[in-house]
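One structure is given here, and the rest of the page talks about it.
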Amino acid sequence: MASLSGLYSSSPSLKPAKNHSFKALPAQSRDSFSFPHTSKPTNLPLTLSSARSVARDISHADSKKELLKDPDALWKRYLDWFYQQKELGLYLDISRVGFTDEFVAEMEPRFQAAFKAMEDLEKGSIANPDEGRMVGHYWLRNSKLAPKPTLKTLIENTLDSICAFSDDIISGKIKPPSSPEGRFTQILSVGIGGSALGPQFVAEALAPDNPPLKIRFIDNTDPAGIDHQIAQLGPELASTLVVVISKSGGTPETRNGLLEVQKAFREAGLNFAKQGVAITQENSLLDNTARIEGWLARFPMYDWVGGRTSIMSAVGLLPAALQGINVREMLTGAALMDEATRTTSIKNNPAALLAMCWYWASNGVGSKDMVVLPYKDSLLLFSRYLQQLVMESLGKEFDLDGNTVNQGLTVYGNKGSTDQHAYIQQLRDGVHNFFATFIEVLRDRPPGHDWELEPGVTCGDYLFGMLQGTRSALYANGRESISVTIQEVTPTSVGAIIALYERAVGLYASIVNINAYHQPGVEAGKKAAAEVLALQKRVLSVLNEATCKDPVEPLTLEEIADRCHAPEEIEMIYKIIAHMSANDRVLIAEGNCGSPRSIKVYLGECNVDDLYA
């Protein structure tokens, strides 16, 4: 795999009470805590659920009263906690989060431990103990950090090969074999999860209005969605570069998307291999397939980079570079932010400030949601990107000591000012179960392109007013918020905010003592899905045997379940039958799917070969 050596081939604990009668425990003792003196014993152990309940009662009983209202005091707090990264032009405002100085002091030991853990992670320690892996996405934007010279060389050579390949595609040096345009005009990216969300966010944020190649995504196993993307390409399928992204090559959704696209190529009389690119781990199923079939190029994925942090690897960089986005600037922005977030001073570390505010606002147990509101159309997908980064990293059943903690932080959002006409009504006046994060972009348009709709007011001024007005209206009703401000949306600033949140997630995971870098729940879902498909094959076998009888023997759900030796799966069997019936793959002899008790089904035809398989 030439490209893997750098060449592309052209063949929890709880928040302390505001009255300080309740003190947070260290991370190793989160399953109990002590009450102040009452008529009952002082050291009363509670279950985690009880602890969560008490923490919410103590922390938020007078939350509105505790938030500063005096303008002078608020301005002083704003200045005291205002953070600026001058080189990146990034500001962080946490003045509308009501943490206390005592809380910051109590969190200091945890953060110092988190900073040390992050330092060890960057040096190559096993930061993902459940899978025995290093975690190296920070090395991707500063290869000098890589713990081995071979990794440093691999990172640098891969970046060079991505840029060279992209230049050759854009310039037309590498051409599709059958395109009348004589060059590639479209990208079809096939991947799911981090292999899709990262490239989608970057494309939406940074692609020029008229990119050298336009990009489309197949990010699901929905047949109608796949058909739509292929149909939209139309005759341009002949000039489409298909980028297939899968670490193993065995991810069902990505494999299905690939097979569907290959079918479309065959039906159009096109040679898929001459237009296919694989981004995968060396010697994976996908890598071997691409090598044997002679795909256009192959680029590496690494076992030390997870999907949700892969945006600075070939996963995110290749699609971006093909759209004419300056990926080296994106890496520079990320590297600058990485440097800013290595300081061990909480007050001077923007990622630590975010993690601290998340902990305060959600009691360290995810008791409140994080609503992400980017006031810029091009950043619309940032909330979806953060949804995976935060929730897949922090949503864990067990901590690093094996205790059941059910940690997490729910993330959702929309763009401003669309949110003004959607759910801000509930955020301000409804249930108080969230804190907000505003993403502000100062520059509205490129220099020289702005104009006034009315004297002294531009279109962008209205957007600015909506953001600031919403922030003020929420705070006036006791709703806490964080504001992240960048000068403009550029590859550098996008790289910076990605790196900011990656580091914040890692630090937060450390202070609540969980592994941010594995996803056992996702794997459990994949296993359960595989079991459903295995059951479906048994159902089809039973139905085929009954259909091949003379006369045909329609079966009830109970009979199917019995012959599958799975009476406990009768509900799932019904769902399988209903789905297959809707797609004309089983026929109903009696009843209908709306009446499960009476239904009898059989197949449309007997497959004799399957009887003897």
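Positions of Cβ are set from backbone N, Cα and C atoms, glycine also.
Under the heading active site, proton donor, Swiss-Prot lists E392. The C-beta environment of E392 (active site, proton donor), restricted to residues of the same chain at least 6 apart in sequence and closer than 8 Å, consists of R308, Q519, V522.
Here Swiss-Prot flags H421 (among others) as active site. H421 (active site) carries a helical DSSP state (H, G or I). Taking a C-beta cut-off of under 8 angstroms and a sequence separation of 6 or more, H421 (active site) has no same-chain neighbours.
K526 (active site) carries a helical DSSP state (H, G or I). Under the heading active site, Swiss-Prot lists K526 (among others).
Per Swiss-Prot, compositional bias 'Low complexity' is recorded for 1-14.
The phosphoserine annotation in Swiss-Prot covers S595. Other Cβ atoms within 10 Å of the Cβ of S595 (phosphoserine) number 9 in total over all chains.
Residues annotated as region 'Disordered' in Swiss-Prot: 1-21.
Residues or ranges marked as transit peptide by Swiss-Prot: 1-48.
Long-range Cβ neighbours of K526 (active site) (same chain, at least 6 residues apart, Cβ-Cβ under 8 Å): P252. DSSP classifies E392 (active site, proton donor) as helix under the three-state reduction.
Secondary structure at S595 (phosphoserine), as computed by DSSP, is coil.
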